[in-house]
Amino acid sequence: MEVRHNWTHAEVRDLMEKPFMDLLFEAQLVHRQYQQTNHVQVSTLLSIKTGACPEDCKYCPQSARYTTDIEKERLMEVERVLDAAQKAKNAGSTRFCMGAAWKNPKERDMPHLTDMIKGVKDMGLETCMTLGMLTPEQAKQLANAGLDYYNHNLDTSPEFYGNIITTRTYQDRLDTLSHVRDAGMKICSGGIIGMGESANDRAGLLVELANLPTHPESVPINMLVKVKGTPLETVDDVDPFDFIRLIAIARIMMPQSAVRLSAGRENMNEQMQALCFMAGANSVFYGCKLLTTPNPSEDKDMMLFKKLGINSQEVSQKPDEIEENELLDRVVERVAARPTKDDLFYDASV
């Protein structure tokens with residue numbers, strides 16, 4: 001099967017209508033043609049700045065517009081981020097993702113963010129950040145610091161998007177993806193299933209992703225985690241078979257991409273997760289929490305991988321024998337060398 005960038009809604013709907021087993025069989029054939037079988041890439045996601053986000057994403061408990069149990073937190077100090085990254089590496093993660101609840105980062109944030117990137121890279125981990133919208137210059141700064149991936153989800157179809165978010169446009173998201181690509185970074189972009197969207201909207205999301213000039217290197221498919229206090233807390237649950245179908249179709253449409261089984265895994269039993277891996281998912285987030293939502297523990301994941309004969313992929317960055325204390329010393333030196341009086345503990349929530 002060739003890699004394409006001209007998918008139509010009709011083609012995706014045809015895939016949706018295929019018998020379930022036939023669809024999974026096709027997806028598995030594509031997966032075996034383009035991907036390493038029985039291997040899953042493992043990432044860890046850390047919230048480096050939580051809550052008080054000015055945006056109105058109806059699914060998100062970090063929005064300042066909704067009353068949830070999430071308390072706002074300042075930008076995490078670099079040393080704490082590196083400590084979490086070291087623990088993630090020790091637990092088997094190969095990529096460390098850092099997320100901040102912002103509409104976009106401010107210039108005062110950039111030195112701290114670049115120090116985080118450099119410190120995590122020194123550990124031999126791949127790096128990823130999700131910080132909201134970026135300007136071209138901010139994208140270049142992150143790339144120059146060594147950031148490997150930037151996550152910026154499209155969330156849903158262009159047609160349904162306005163029902164979920166009004167504080168930034170769909171084009172804003174596409175523009176940020178262009179800035180990231182132009183800066184030389186890899187793209188992580190996907191969406192959320194279960195927000196009340198139609199089958200046509202799910203098809204539209206995949207068409208938008210698959211028809212980008214270059215497919216995202218990572219495509220996270222999230223199942224909505226309903227949080228009390230958000231406008232979507234009472235939306236209907238996603239049918240598991242519909243979700244698995246979306247994984248399979250994403251694999252068929254974007255055969256070279258990593259398809260990540262992302263948020264919502266805590267609500268999936270082992271059988272559903274196994275079918276997602278059969279359908280072509282080959283990446284997961286690892287650890288007990290994804291930003292602010294629950295995630296299966298490392299032990300549960302390792303037990304499932306063992307049952308399925310799945311081995312997590314090895315670290316793809318250069319091996320690094322630097323001790324944790326030396327890494328922290330490097331960060332302290334970088335901070336001390338900055339021509340600024342800004343404190344690492346400034347309140348980034350305002």
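Note: Cβ is positioned from N, Cα and C throughout, glycine not excepted.
Marked as domain 'Radical SAM core' by Swiss-Prot on the basis of sequence analysis: 38-256.
In the three-state DSSP scheme, C53 ([4Fe-4S] cluster binding site) falls into the strand class. Look at Swiss-Prot and you will find C53, C57, C60 tagged as [4Fe-4S] cluster binding site, backed by sequence analysis.
What Swiss-Prot records for C97, C128, C188, R260 is [2Fe-2S] cluster binding site, and it gives sequence analysis as the kind of evidence. Summarising the environment of C188 ([2Fe-2S] cluster binding site), the number of other Cβ atoms within 10 Å of its Cβ, over all protein chains shown, is 29.
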* Reported as an integer number of Å, what is the Cα distance between C60 ([4Fe-4S] cluster binding site) and C97 ([2Fe-2S] cluster binding site)? -> 18
* Asked: If you average the pLDDT over the domain 'Radical SAM core' (38-256), what number do you get?
  -> 92
* Structure fact -> Within 10 A of the CB of C97 ([2Fe-2S] cluster binding site), the number of other CB atoms across every chain shown is 29
* Which residues in the same chain, at least 6 apart in sequence, have a Cβ under 8 Å from the Cβ of R260 ([2Fe-2S] cluster binding site)? -> S43, C188, G190, S218, V219, P220, I221, A281, S283, V284, F285
* Which residues of the same chain, at least 6 positions away in sequence, have a Cβ lying under 8 Å from the Cβ of C53 ([4Fe-4S] cluster binding site)? -> C60, Q62, S63, A64, A101, W102, K103
* Inter-residue Cα distance where the pair is C57 ([4Fe-4S] cluster binding site) and C97 ([2Fe-2S] cluster binding site), in Å -> 21
